Structure formats: C-alpha cells, structure tokens
C-alpha cells in the first residue's frame, strides 16, 4: 500500500514524493493524537468522500451536484445493516457502499445522457428525489428523527472509544484512497481522462464514451458510499442531512478548495472545511454556510487551482520556469459548442 | 370533479412560481450560458424584501411588488459586473459554482438575522375568494396566476416582437454571427441578467403573502425548477415556461390521486424525459 501511495506522487521529484508520502501517513496515523478523535474520524470520512468526488469531477470532468444521494444512501443502508444484523461494521459499510453503487447505476445511466451544466442539474434533481424518499419512508429511515443507535460492531474489540475506532476505520479509508488512485492511473483511467479532454476523438477511437462515464460514476458513488457508511458508524446515526443538497454542495466546496483534479488536494480541502466548521460551531456560530460559502466564492474567483494545485504549480514552476500548470479543465458544454459552430 | 378542478387550479398557482423562476433562468442561460444557482436565493430575498418593507417602512404589498424586484435587479447587475463577468470566459460550470456559493452566503446571512422560523407577512392585498359555481377560488391566488401569465406573455412578446428581443435571441443562438453584423452583444448581458434576477424577486414578493417566508424557502424550490427546465429544455424560453405550468398541475393532480408520489413525481418525469428525449421536450438535440 505504501508503495502504491508513493507511486501516486511519481510526477514529483523523488525527495518531494517520499517526503509527502511520509507526511501524509504521519498525518493519517497521528491525527487523533492532535485532534478530538471523532473530528479526526470525520476528516477521514469527508476526505475519502471528496477524493471519490474528485475522481468524477477532476478526472472524468463531470460535475455531480448530487453526491449526497450516495453518501446518504450508504449511511442509511450501513446503519440498517449494522442495527439489524449485528455484523462487524466493515461488512455493514461494504453493504452500504454496494447500495450506493446500486443506486448510482440508474441515476448515472440517465445523467450521462447530458453533459456540462445539465449533468449538474440532473444529478442534483435526482439527489433531491432520494431526499424526499428518505423523508417519506419514515418507517425505515426514521424520517425527521433520523436512524439512531447504529452500533460500532467488531468481534473481540471494544470500539466505543473513538480513538480506537479511528484506527479501526483507517484501513478502509486508505484502501478507498488507493482504489481511487489506481483507477486514475489505470488504462481505464487514461481513457476516462480522454473522455474529459475530447469525447469526440475518444468515440472515434471506438470507445463507448457513455459507458466509461457510467462506470466511473458508479465507482465514485461506491467510494462515496464507503465514506458515508463510515460516517454513519462514527456518529452512531444517519439523518436527513446526509441526503440533503447542502451535503452535495459541501463536498464540491472541499474538492474545489483542495484543487480540482489533484485527488490528494481533496483531502486537504476536506480537512480544512471540517476543522473550520468544527471550530465555528464550538465558538457558537451556527451559520457555517456563511463562512464556507464565502471561502468558496473567493476560491472560485481567484484561486481556481485550489490549495494543492497552487502548491504543485509553484513547485513545478521553480523546477522548470515557463511550464505553467493549466487551470483545471472542466468538461465543456457540447451543446453549446455545437450551437456556435455555423453549420 | 370539484376536487379535480380545485387541484388543477392549485397546480396552476404553484406552476406560476415555477414558470416565473424558469423564465428568469432560461433568459439568463440564453444570454450568458450561466445557470444561476442563486435564483432560489433571490426568490427568498424577494419574499424577505416584502417583509422588511412592511416591518421597517410600513410599505404594503403593492410597494413591495414594485420596489423589491427593481432593487434586487440592481443588485443582480452589480453582481454580474463585479463577479460573474470575471468568469465569463471560463467553463460555465465555474459560474454555476460561484452562484452556488453566493446562494449559501445569502441563505445563512438571512438565517443569522431571522433564524430558521417563518416570518409573518399579513399584507394580503385581496382577502376572500371568487365564487365560480363549483368552488371558491382564493382571490389572491387568482391574482398570482394572472400576474405570472401576463409577465410570461409579455416577455415572450418582448423577445419575439421587438428589436431588443431579436438582438437577445440572435445573441443567444449565434453570438459570433450576431457580433459579425456589428451588434454589440456584450451590452445586453448585464441588463438581461438583472432582468432575470428581477423576475425571481417578483416571484418571491408574490410568494410572501401565501407561503412560509424563511431562509430555506428558495433552496428546495430551485432544485425543482432545475428539474422543470431540464424537462422543458433550458435553451427554450417557451418550453421552460410551459413546463413550469404543466408540472405545477401534474404535481397537484398527483397529490390528489397518488399522494405517495406528490414530492417525487417531478423527478420521475425528468427521468422519463431523459430516457426518451434527453435534450428536453422543447430543447434542441445535443451533439454529445
């Protein structure tokens, strides 16, 4: 796993690469010593969620504004499995992620029929449908009260201490991160990048573009589901908040802040947002959207590379001046270009 | 039968709001290629504007109907000049993200000031109801429906029958070609944005006397309106407005016959439309 992570940084000089990997692992293992363990666990969950989201936004160029549907569905499914079966929480989380992937298949199938801004609106709308279903289906989801009393089950280990639980969930998160990275670096991932850059050419090469988009959509939903399931187990409950559109927005904020398409930047974005919100709510400030929204507006206006993207840009610029890292490239609205070319 | 007609009417009234919001979204999208996420926030600000005018200045509904959309349209033009224009050359998704951030900020600003509770607004301009034989129509709701229909028709006439409308439509469909004819399309971007924002504010003022005025009122509504414009085809102003009214009606009738689906029917309909006609009912085919 460590070698895999090291490989993830291949684009950087060896010293930087190993340094970053060491720093990353140190941060991952040392986090609950520095922060309140439940908050540290939250950072892991949101970090994996944001990386899964960046897999779709940064690498397939698809802006989903409905990822709360997958995070939340898994939170509920994980909770239900854990409550009713008493199986180890790993199994419950895996089941939750499978449920998220199952939901992503039809939603993705319909959504990839549109691109650009339409894709964002369609995913947002479907996620809202999931929210209404969760709200109406109170017998199962607990409606407004949420699903309470999700146990942290693991035979032979007492996970009631959040500090212990953090280390129990860490491997799942690391596996999820390595999976995301493997997808990006695989031949499949290269085709996906091609779909982002020039779908027509990829189609001309004989690749079924929509199917590639769909697979990456489902994969992203599965990883989001892992994160959402862990989140539910960490907190012991799943609420409507998990499927609400503000949650979809929050993961967008994290990824954009960390740097679209940088994968690991999303971890930084997630950590920053979780810390900020925790700090604000401790200080008695309830309207966190005011602060995260403002940070987001500034990021989109003047800081589009995000934290990681800016650092990488500076680093590479120092190594080889003149080779500027381009700003993140989002998928173009092909509807638009089609209209603008006179036929 | 009576309940059928009653629900159809209720549906047309909620469709009035969808139509006004969809109209603003479609006009802005046509000119700027921007989907304004903050549209729901403007709707919410419009309703709060009416409340604030009544509480602090003692100005009633009619003043609000005039002043609030104008004021928010001005705010919209400032926003376009200062922020949205800066991202105009980039992928439109960046402006979608920007307006999402603005929506979050607006919503929480209002929540900070007023809390999550609904604000009372008791300046109902028309009390009572009109009796049309079968059942009573609340007078105010008839007014809302009439305003919405008149506004939508007026905009449609503006777009199809006036020189400005022709320029805006031409700039929407073939921006380069329109510029090649010596028409400064950029000049119309700011006014069109302000106009679209004003429409959302108008919908908000109309909502104040009949709906719960709170910070969250715009967020959920705008997502439904997104589904509406996907169904109608965002590129088509006519399609977006028509879809607004039709979906309002379908939703209300669904409420009557299949109550389970009352909240989800719009999204199911969107799924069906995406299956059979991905570009939307009135949208142009997309070269995906």
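Each residue, glycine too, has its Cβ placed from N, Cα and C.
Features as listed in TrEMBL:
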- A:18-36: transmembrane segment (TRANSMEM)
- A:43-69: transmembrane segment (TRANSMEM)
- A:89-110: transmembrane segment (TRANSMEM)
- A:117-134: transmembrane segment (TRANSMEM)
- A:164-184: transmembrane segment (TRANSMEM)
- A:214-233: transmembrane segment (TRANSMEM)
- A:253-276: transmembrane segment (TRANSMEM)
- A:324-343: region 'Disordered' (REGION)
- A:326-343: compositional bias 'Basic and acidic residues' (COMPBIAS)
Top Cβ-contact partner of the transmembrane segment (A:18-36) among A:89-110, A:164-184, A:214-233, A:253-276 (pairs under 8 Å): A:164-184
Leading contact stretch, A:89-110, A:164-184, A:214-233, A:253-276 vs the transmembrane segment (A:43-69) - CB distance under 8 Å: A:253-276
Contact set, same chain, for the transmembrane segment (A:164-184): CB under 8 Å, 6 or more residues outside the stretch: 1, 4-5, 8, 28-29, 31-32, 37, 40-41, 44-45, 47-48, 51-52, 54-55, 59, 89-90, 93, 152, 154, 157-158, 192-193, 216, 219, 223, 226-227, 230, 233-234, 263, 267
Same-chain residue ranges lying at least 6 outside the transmembrane segment (A:214-233) that approach it to Cβ under 8 Å: 41-42, 44-49, 51-53, 55-56, 59-60, 62, 64, 67, 70-79, 82, 89, 92-101, 103-105, 107-109, 111-112, 147, 150, 152, 165, 169, 172-173, 176, 179-180, 183, 188, 192, 242, 251
